[in-house]
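Enquirer: Take this structure, written in structure tokens, and hold onto it; I'll ask about it next.
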Amino acid sequence: MKPLYRSADIRAIEHAAAAELPEGELMRRAGRAAAAAAQRLLSSAAPHPGPADTFPDRAPALQRLQVRVLVLAGPGNNGGDALEAAAHLADAGISVTVLHSRPGNAQSPERAAAWRRAADSSARFEELSAPAVQTGDWQLVIDGLFGIGLARPIGGALRALVEAVNQLPCPVLALDVPSGLDADTGAIVGPDGIALRASHTITFIGDKPGLHTNEGRDHAGIVEVAHLDIDPALLPTAELQLNRLELFARHLHARRHSGHKGTYGNVAVIGGATGMRGAPILSARAALHAGAGRVYVLFPEDPLPADSGQPELMCRLAEGYDFGQATLAIGPGLGDSATAADLLARAIASQGPLLVDADALNLLAHTPALQRALASRGATAEPTQHALQAARLLDASATAVLTPHPLEAARLLGLSVAAVQADRVAAARTLAARLQAVVVLKGSGTVIAAPGGDCVINPTGNPALATAGTGDVLSGLCAALLAQGCPPWPAALAAVWLHGAAADELAASGVGPIGMTAGELIPAIRAGINRLARLNLVR
Ligand SMILES: NC(=O)C1=CN([C@@H]2O[C@H](COP(=O)(O)OP(=O)(O)OC[C@H]3O[C@@H](n4cnc5c(N)ncnc54)[C@H](O)[C@@H]3O)[C@@H](O)[C@H]2O)[C@@H](O)CC1
Ligand SMILES: Nc1ncnc2c1ncn2[C@@H]1O[C@H](COP(=O)(O)OP(=O)(O)O)[C@@H](O)[C@H]1O
Ligand SMILES: [K+]
């Protein structure tokens with residue numbers, strides 16, 4: 001399990017843990033963990049921004065006085081963690097400069113003790129200011145300005161200071177949360193706020209959703225969790241977690257020799273109005289390469305005779321096709337005609353697995369009756385055998401998967417895009433509950449929510465995916481998994497994970513992040529599925 005905790009949970013855990021420990025013990029542990037992480041970063045001389053995908057795992061001896069570390073210590077307990085870390089680093093012979101915010105009368109006793117320890121060390125103290133950041137030649141900056149206690153946007157002189165840190169070429173290690181970022185949502189605390197861009201974040205007690213979605217990935221960098229030896233019994237069951245193989249891999253089966261095309265299901269992609277024919281073709285090609293037995297492309301009008309680049313696809317007019325014969329992926333390039341709306345109504349009324357994407361989501365947003373039909377479809381449909389087996393993971397009644405990007409989600413919710421992005425987890429959960437469907441809210445740190453409240457943030461993927469057509473590939477991939485018998489919840493988790501992992505592989509091999517095309521994802525996804533299926537050979 002890779003749980004993600006909101007700030008309120010972290011505060012409750014911290015409170016319970018602190019009650020069993022000497023005063024200041026958690027802050028001392030946080031400071032020690034931060035100093036150790038800093039020493040590992042200094043030793044590995046990680047470039048900034050670091051493409052490395054893990055924290056370095058050991059710290060060879062540092063040559064004394066060759067490294068200069070800048071520690072930013074804010075007025076609260078995040079500043080206390082930073083002061084503890086500064087004292088440890090100074091004691092290790094490292095040249096440490098602390099830019100220190102005067103805490104006022106409300107300083108906690110543990111922060112006051114941390115300040116005394118740092119003041120007694122060889123660390124030099126200066127007032128927090130942008131020029132103090134700009135004048136030094138730092139090998140590392142440690143950000144202990146604000147953690148989960150940030151109460152308003154960073155402004156004034158602190159804003160200039162954060163801007164100055166964001167210009168530095170060296171690694172930046174954020175303590176708990178990059179200052180200025182909302183740990184719950186990954187939004188920059190605003191209006192007109194700013195957040196520090198860290199190359200690495202060491203986060204305390206438990207991992208936090210805001211580090212993995214929205215602005216989080218750009219600001220947190222590589223995330224390490226320091227549990228501070230908290231008694232696991234104090235950790236509540238997390239309602240939110242990071243996506244990972246264990247949540248879905250067992251549903252990706254190795255093939256039996258006796259299988260035939262009928263064994264692996266039919267996918268029908270419905271879309272491709274005039275001028276948007278490529279969208280369902282991409283989706284259908286992805287479905288084919290993700291293992292669906294037969295793949296159809298159903299056009300609302302003027303069907304293409306065939307896809308000359310992929311003649312395995314069967315191109316038809318949607319009218320006249322029996323929607324009960326396939327897993328449906330409706331929406332790519334569907335348009336907003338009356339025919340399109342009729343096709344969506346027929347798709348929702350059908351009994352099989354259903355994925356709703358793109359233009360079909362916009363039609364749904366405009367048509368409350370279709371929303372009601374979709375919600376009651378989820379509530380009344382007979383769960384499949386697969387779905388029953390997966391009942392622990394899945395609200396088995398949710399047969400539809402919806403894949404909105406933030407604008408589509410905003411239309412469905414009657415909100416602005418900014419309001420959706422301000423709390424992506426809440427937006428996905430609200431839609432999932434309202435429409436009784438698995439909702440995949442796309443974007444950096446895609447959020448997948450089930451109607452019962454389960455929610456997952458996906459860690460794979462990168463900006464190579466920010467190109468037209470990658471969403472169509474995702475819908476075809478997910479439909480193919482549904483067609484092969486995977487229940488909606490693990491199908492959505494697997495599709496989002498595989499799609500992002502394929503983009504990560506392509507970016508690592510130079511096919512991106514700039515200039516990767518949606519079509520290039522498809523063979524990389526196929527390779528990923530086959531790798532995972534091989535892990536399940538015994539099934
Ligand atoms: N209390 C504990 O036992 C532990 C706390 N920990 C640390 O404590 C942090 C939380 O500490 P706090 O609750 O003190 O919160 P913070 O240190 O995040 O910030 C609170 C302080 O910042 C001020 N402030 C908030 N927004 C501001 C703004 N925009 N401009 C200027 N000042 C602003 C507040 O008035 C307050 O003084 C965690 O993120 C973590 O780093 C860790 O040491 C683990 C243990
Ligand atoms: N910056 C990014 N980082 C990670 N994933 C991204 C990023 N930008 C886009 N994506 C992903 O790419 C896909 C884009 O889908 P969508 O917006 O529907 O595009 P289209 O309709 O053109 O296919 C989604 O899976 C989304 O999560
Ligand atoms: K911080």
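Even glycines carry a Cβ here, placed using N, Cα and C.
Residues annotated as (6S)-NADPHX binding site in TrEMBL: 77-81, 147-153, ASP176, ALA279, GLY333, HIS405, ASP472. As annotated by TrEMBL, K(+) binding site applies to ASN78, ASP143, SER179. The AMP binding site annotation in TrEMBL covers LYS442, GLY443, SER444, GLY445, THR446, GLY471. Under the heading domain 'YjeF N-terminal', TrEMBL lists 10-236. Taken from TrEMBL, the feature domain 'YjeF C-terminal' covers 244-532.
Explain the structural surroundings of these features, please.
Expert: DSSP assigns ASN77 ((6S)-NADPHX binding site) to a helical segment in the three-state reduction. Neighbours of ASN77 ((6S)-NADPHX binding site), defined as other CB atoms within 10 A of its CB across all chains, total 26.
Cβ neighbours within 10 Å of ASN78 (K(+) binding site), excluding its own Cβ and spanning all shown chains: 27.
Cβ contacts within 10 Å of SER444 (AMP binding site), excluding its own Cβ and spanning all protein chains shown: 20.
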Enquirer: Around the AMP site (LYS442, GLY443, SER444, GLY445, THR446, GLY471), what further same-chain residues have their C-beta within 8 angstroms of the site's C-beta centre?
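Expert: Apart from LYS442, GLY443, SER444, GLY445, THR446, GLY471, the close residues are HIS405, LEU441, VAL447, ASN458, GLY461, LEU465.
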Enquirer: Could you work out which of the binding-site residues (HIS405, LYS442) has its C-beta surrounded by the smallest number of other C-beta atoms within 10 A?
Expert: HIS405
Enquirer: With an 8 Å cut-off on Cβ-Cβ distance and a minimum sequence separation of at least 6, pull the same-chain contacts of ASP143 (K(+) binding site), or say none.
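Expert: Long-range Cβ contacts: LEU72, ALA82, VAL165, VAL172, LEU173, ALA174, LEU175, PRO178, SER179, LEU196, ALA198.
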Enquirer: Could you tell me which of the binding-site residues ASN78, ILE148, ASP176, HIS405, LYS442, GLY445 have their C-beta within a distance under 6 angstroms of some atom of ligand 1?
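Expert: List returned for ligand 1: ASN78, ILE148, ASP176.
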Enquirer: Anything from the binding-site residues ASN78, GLY80, ILE148 with its Cβ under 6 A from ligand 3? List those in sequence order.
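Expert: What lies within reach of ligand 3, judged by Cβ under 6 Å, is ASN78.
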Enquirer: By a simple count, how many Cβ atoms lie within 10 Å of the Cβ of GLY80 ((6S)-NADPHX binding site), its own Cβ left out?
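Expert: So the number of other Cβ atoms within 10 Å of GLY80 ((6S)-NADPHX binding site) is 32.
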